[in-house]
Amino acid sequence: MSRTLAILKPDCVRKELIGKVIGHIQSAGFKIAAMKMVKLTPDAAKGFYEVHKERPFFHELISYMTSGPCVPIVLEKDNAVEDFRKLIGATDPAKAEEGTIRKMYAENIQENIIHGSDSDENAAKEIAHFFSRKELLEINGWE
Ligand code: RTP
Ligand code: MG
């Protein structure tokens, strides 16, 4: 069993797609281990996407991610990181495979509905970004 971090991004919340997207995630065999709704501050969004700080789209990405509430979710499954990236599809929905969440619901390469961690190491860091050890202990008994 391994873990990944998903975020239902602000466009997902705005379009009232939370229920539909979570339905696809659960049908694909992922277990929801923790979930909350938060509004990222610019500093929190910059911290989360620090790896992209030199990219031309960084400023736009931060305004998008702070444009409304989002829903971080800790997911559990065998091979969680890789299987979840397959389920959400390519960053650009125009290039995503049929049946993927981004293909079905995303608008464009930026407003793409959902985030998924890209490695086990980043999943652990990203989970810690949104959920304290105390919360995870209280919710799931994780040490
Ligand atoms: P994520 O980290 O959100 O799961 O997305 P990803 O791995 O598929 O894509 P990544 O390259 O990490 O980019 C992070 C997010 O930045 C926005 N983006 N905009 N305007 C653009 O060309 C562009 N490229 C990326 C997207 O919201 C993307 O998910
Ligand atoms: Mg990424």
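In case you wondered, yes, glycine gets a Cβ from its N, Cα and C as well.
A C-beta separation below 8 Å, combined with a sequence spacing of at least six in one chain, links His115 (active site, pros-phosphohistidine intermediate) to Leu5, Ala6, Ile7, Lys9. Per TrEMBL, the feature active site, pros-phosphohistidine intermediate maps to His115.
Per TrEMBL, ATP binding site is recorded for Lys9, Phe57, Arg85, Thr91, Arg102, Asn112. All protein chains shown were included, and the count of other CB atoms within 10 Å of the CB of Arg85 (ATP binding site) stands at 16.
For 1-138, the entry in TrEMBL reads domain 'Nucleoside diphosphate kinase-like'. Per DSSP, the secondary structure of the domain 'Nucleoside diphosphate kinase-like' (1-138) breaks down as 67 helix, 24 strand, 47 coil.
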*Far apart in sequence but close in space: which same-chain residues, 6 or more away, have a Cβ under 8 Å from Asn112 (ATP binding site)?*
Lys9, Asp11, Thr91, Asp92, Pro93, Arg102, Ala106
